[in-house]
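Worksheet for the structure shown next.
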Amino acid sequence: MAGSGGGVVSGGRQRGPPLFATEKPGRMAMAAYRVSAATVFAGVLLIWLYRATHLPPGGGDGVRRWAWLGMLAAELWFGFYWVLTLSVRWCPVYRRTFKDRLAQSYSEDELPSVDIFVCTADPTAEPPMLVISTVLSVMAYDYLPEKLNIYLSDDAGSVLTFYVLCEASEFAKHWIPFCKKYKVEPRSPAAYFAKVASPPDGCGPKEWFTMKELYKDMTDRVNSVVNSGRIPEVPRCHSRGFSQWNENFTSSDHPSIVQILIDSNKQKAVDIDGNALPTLVYMAREKKPQKQHHFKAGSLNALIRVSSVISNSPIIMNVDCDMYSNNSESIRDALCFFLDEEQGQDIGFVQYPQNFENVVHNDIYGHPINVVNELDHPCLDGWGGMCYYGTGCFHRREALCGRIYSQEYKEDWTRVAGRTEDANELEEMGRSLVTCTYEHNTIWGIEKGVRYGCPLEDVTTGLQIQCRGWRSVYYNPKRKGFLGMTPTSLGQILVLYKRWTEGFLQISLSRYSPFLLGHGKIKLGLQMGYSVCGFWAVNSFPTLYYVTIPSLCFLNGISLFPEKTSPWFIPFAYVMVAAYSCSLAESLQCGDSAVEWWNAQRMWLIRRITSYLLATIDTFRRILGISESGFNLTVKVTDLQALERYKKGMMEFGSFSAMFVILTTVALLNLACMVLGISRVLLQEGPGGLETLFLQAVLCVLIVAINSPVYEALFLRRDKGSLPASVARVSICFVLPLCILSICK
């Protein structure tokens, strides 16, 4: 069956010193961290003890008793989740590669060939110029072009995407030698010309401006074709590939197409300097309206099969179409892990972190990417397995295609597809491998390739690879390997997290649960690491409880925390101060500012009470066979005014959604409770009345402070990104009765 070419089982020889090093933090630093964590855990235990030993009596209406029990349940969960997160962070590791040793140990001819997969699905949502900038960036890797094979999967089967790829194949003849001659970084032409305003060292102004003009001309032609929707006659006459499209073609109903635009085996496939070009292949798998196509997972599996007959490289790298290569040496870095004879035999994939170029300083959405990349993921790596992101990942083909690791197995890095056929025959073979019926009654998507039947197919695929005995590696080089685009509106971000949360929750409730699938196969610490995300959804209810019930009790004068003068006040204060101080220190250590840390805390709260909550509801509705709630936003903010507001630190709302209603309701409720609660205490009891309600008052004030962008969007802003009046009206309908009942009580 297509997909892999087998390996060889034989002894190996160590070629000199190691190709990579694994480093751990200093003992003193880890000891200090663990002592700090131990003191916080002691505080958590004291909080649990206080809740259990000071349970209010059940007299009266029992409101305080029930509220107290709810606080106990929430704090039990927060404590458990904190311990889970802490356990994962117990043994971080950091990787360092030695590319100079790689060059000494392996000649260029001995290095393996690499198949690179780029996936796109919609030319409207993913503009063709964005796609080809990514394609050109990976075509220009600092690697032998004869050993590079780039495959573009176009699930829409769009003739526009094919036309743009044809344009890119011509531009590559100029761009690739320019990049290699002057060591250009990054090698996405769009990113390079946007960032660099002058020629690189050694390049004359005339040559640089000529290259820039070539790129501008291509961009103008592409944009003209995309805007008109019509393909010029010249490319149609000169490329046999265009003849496969007809008026009956749609994105959901079209035959399979495989076109080899550049064949590195042919003498004519050279750049302007006469050097070979990488192989470039366009693929659109067959689509039929009533046939399941499994989205991105199906696309990747189709690429695995097509590549197996054209190139069959032992290394596969896949990248999303909006995440270009920012480091031309990423392949060589990844090979340092795979080709190390002593340490690399069991490495199944090497995962690079996700980084984004459009995140501004003091980002209002507090993207925690630095902390995640610098702290969280190295800790997962320390337990023997970074998860598979779905992009920016180098795979061992054999591991991806289902091979179980054994110590006797040794990879044949020199193997390639045994090509005796010409391009036409290869294309015909490729088309037969990507029909709608090819996978019927096979193990594709079950035991082979990327997994089907789960929302986060990349995560479950990586987990299954690890359960087969393979190890994964996380590598975060100084110069980022890949750069992409992240959403810059609140709605887009919350929908994205809702999708991720649903996926992780469904994995946790299925046979793919790390504790079930990974039992006895991967370390307990790694199982817990996967579960940190798997339990995102569970955080929603305790968090929603904690930001509403204490505030309502404060408004009613019901105390849920110890007095400021009580000894029991100390563990509450210590846990809060110590935990947030540690979080701030970690954020600053990773290069974030204090403002970015504060914004990240806001988004942490917002995600828990919106994305996580609705993801949980939708997941259980699906389990019960009830239709989904339909809370997902579909509006995408792309206009220049919205981008300007983002750069100014203004949250982008702009449309009605259930998520915004929940967020606004919580914000208005706490504002009302703070104002009315403090007024009630001062008028009825004086300043001394706050002694018993001090922590609740602080909590209420903090929630109000963290929701300041919501109040700004409600009361001060009048732009298109502000909160709609309909959101405010619905929220007031929830808040007003609660406040009236409390006041009249």
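Each Cβ is built from the backbone N, Cα and C atoms, and glycine gets one as well.
What Swiss-Prot annotates here:
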type: COMPBIAS; residues: 1-14; note: compositional bias 'Gly residues'
type: REGION; residues: 1-20; note: region 'Disordered'
type: TRANSMEM; residues: 29-49; note: transmembrane segment
type: TRANSMEM; residues: 66-86; note: transmembrane segment
type: ACT_SITE; residues: ASP155; note: active site
type: ACT_SITE; residues: ASP458; note: active site
type: TRANSMEM; residues: 541-561; note: transmembrane segment
type: TRANSMEM; residues: 568-588; note: transmembrane segment
type: TRANSMEM; residues: 658-678; note: transmembrane segment
type: TRANSMEM; residues: 686-706; note: transmembrane segment
type: TRANSMEM; residues: 723-743; note: transmembrane segment
Q: Calculate the distance in Å between the alpha carbons (Cα) of ASP155 (active site) and ASP458 (active site), and round it to a whole number.
A: 18
Q | Nonlocal residues around ASP458 (active site), in sequence order (Cβ under 8 Å, 6 or more apart) | A | TYR388, TYR389, GLY390, VAL450
Q) Given the transmembrane segment (723-743), which of the listed stretches 29-49, 568-588, 658-678, 686-706 has the most Cβ pairs that are under 8 Å apart from it? A) 658-678
(Q) Given a Cβ distance threshold of under 8 angstroms, which distant residues of the chain, six or more beyond its ends, lie next to the transmembrane segment (29-49)? (A) 72, 75-76, 79, 82-83, 86, 90, 568, 571-572, 574-575, 578-579, 582
Q | Non-local residues, at least 6 beyond the ends, that sit with Cβ under 8 Å of the transmembrane segment (686-706) | A | 546-547, 550-551, 553-554, 557, 559-565, 569, 572-573, 598, 601-602, 605, 666-667, 670-671, 673-674, 677-678
Q. By a simple count, how many Cβ atoms lie within 10 Å of the Cβ of ASP155 (active site), its own Cβ left out?
A. 23
Q: Sort ASP155 (active site) into helix, strand or coil using the DSSP assignment.
A: coil
Q | Same-chain residues at least 6 beyond the ends of the transmembrane segment (541-561) whose Cβ lies under 8 Å from its Cβ atoms | A | 63-64, 67-68, 70-71, 73-74, 77-78, 569, 572, 605, 608-609, 612-613, 616, 666, 669-670, 672-674, 676-677, 680-681, 692-697, 699-700, 703, 738-739, 742-743, 745
**Q.** Chain residues outside the transmembrane segment (66-86) and at least six past its termini with a C-beta under 8 angstroms from it
**A.** 37, 40-41, 44, 47-48, 51-52, 55-56, 528, 531-532, 535, 538-539, 542-543, 545-546, 549-550, 553, 558, 560, 579
